[in-house]
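Annotation source TrEMBL lists domain 'DUS-like FMN-binding' at 29-291. Sequence annotations record features per position, and here TrEMBL assigns FMN binding site to PRO31, MET32, VAL33, GLN85, HIS184, ALA238, ARG239. What TrEMBL lists as active site, proton donor is CYS114.
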Amino acid sequence: MTGGIRGTKECQLKDPMDLFHSGQVVKICAPMVRYSKLAFRTLVRKYSCDLCYTPMIVAADFVRSAKARDSEFTTNKGDHPLIVQFAAKEAQVLCDAARIVCPFADGIDLNCGCPQRWAISEGYGACLINKPELVKDMVRHVRSQIDNPKFSVSIKIRIHEDLKRTVDLCQKAEAAGVSWITVHGRSIQERHQPVHYDAIKIIKQSTSIPIVANGDIKTLKDAENVHHLTEADGIMVARGLLANPAMFAGYEETPFQCIQDWVDIALEHGTPFTCFHHHLMYMMERITSKEEKKVFNVLSSTSAVLDYLNDHYGV
């Protein structure tokens with residue numbers, strides 16, 4: 001689980017709040033199922049990403065099963081600052097999960113935004129935005145049970161149709177001691193509709209903690225525009241970073257050096273083939289022709305992918 005950081009953990013941990021006090025907009029890699037794992041976090045950190053999240057982990061499974069802990073959470077001493085995102089619906093379970101990762105991570109985040117049916121039917125994710133008292137209780141519990149005052153407790157939410165309810169939720173979380181709130185500017189029902197950046201701005205003006213804007217940010221220019229529109233303290237990106245992990249460093253599309261870096265990092269970390277290949281498919285989306293995609297996307301082994309990259313791109 002720890003990638004051998006046990007001996008040096010104290011000096012490696014960081015206070016994520018320092019980023020928000022730096023006066024710069026904080027550039028954040030979103031929690032992405034299957035994708036925001038250690039190898040990919042290592043890559044984006046090379047290209048000006050300030051803060052990374054793990055994929056969402058179901059807290060109850062994590063607490064109950066050592067197997068779940070080993071498969072869901074890996075880190076190393078360069079992987080900081082790191083936020084572990086949990087799906088949870090009970091305060092004590094969230095606390096127990098937070099206590100397990102506390103020596104190895106810099107904070108936890110409660111997922112109150114996942115709109116997937118399975119999550120909502122289990123009482124996780126976006127349905128929590130309709131339970132402000134529960135969210136408040138969960139934040140307060142973790143705050144009171146984790147001894148390290150630098151360990152952050154954040155939440156990631158979607159917005160309500162009636163924004164007053166979202167503002168109320170955010171103010172309750174703030175009163176409970178939440179470190180910051182990430183707002184995905186869509187409601188549970190909305191998938192590909194335009195993001196309500198105006199709503200994020202209202203939330204920012206209604207609270208006095210850092211607010212992170214999330215949704216449809218594909219380039220560094222987009223990130224700057226969203227910062228101006230919302231006055232948010234941070235910008236969180238998901239798909240934009242999958243397509244271009246060097247986005248935060250100002251590259252318009254994935255540079256070949258970044259592809260080379262991914263190959264090196266993925267091989268070093270023993271990344272499973274499917275994940276290794278999928279990341280490359282995303283990264284090369286904009287720089288390959290339709291014909292090239294047809295060939296590349298059906299390659300079925302690491303050696304075939306390496307040969308292809310070598311032959312076509314000298315990687």
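Each Cβ is built from the backbone N, Cα and C atoms, and glycine gets one as well.
Locations of recorded TrEMBL features on the structure.
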| residue | record | CB count, 10 Å |
| --- | --- | --- |
| PRO31 | FMN binding site | 25 |
| MET32 | FMN binding site | 19 |
| VAL33 | FMN binding site | 10 |
| GLN85 | FMN binding site | 25 |
| CYS114 | active site, proton donor | 23 |
| HIS184 | FMN binding site | 26 |
| ALA238 | FMN binding site | 21 |
| ARG239 | FMN binding site | 14 |
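Considering only the binding-site residues HIS184, ALA238, ARG239, the residue whose Cα is spatially closest to the Cα of the residue listed as 'active site, proton donor' is HIS184. Max Cα-Cα distance over the annotated FMN binders (PRO31, MET32, VAL33, GLN85, HIS184, ALA238, ARG239) is 17 Å. As a whole-number mean, the pLDDT of the domain 'DUS-like FMN-binding' (29-291) in this prediction is 97.
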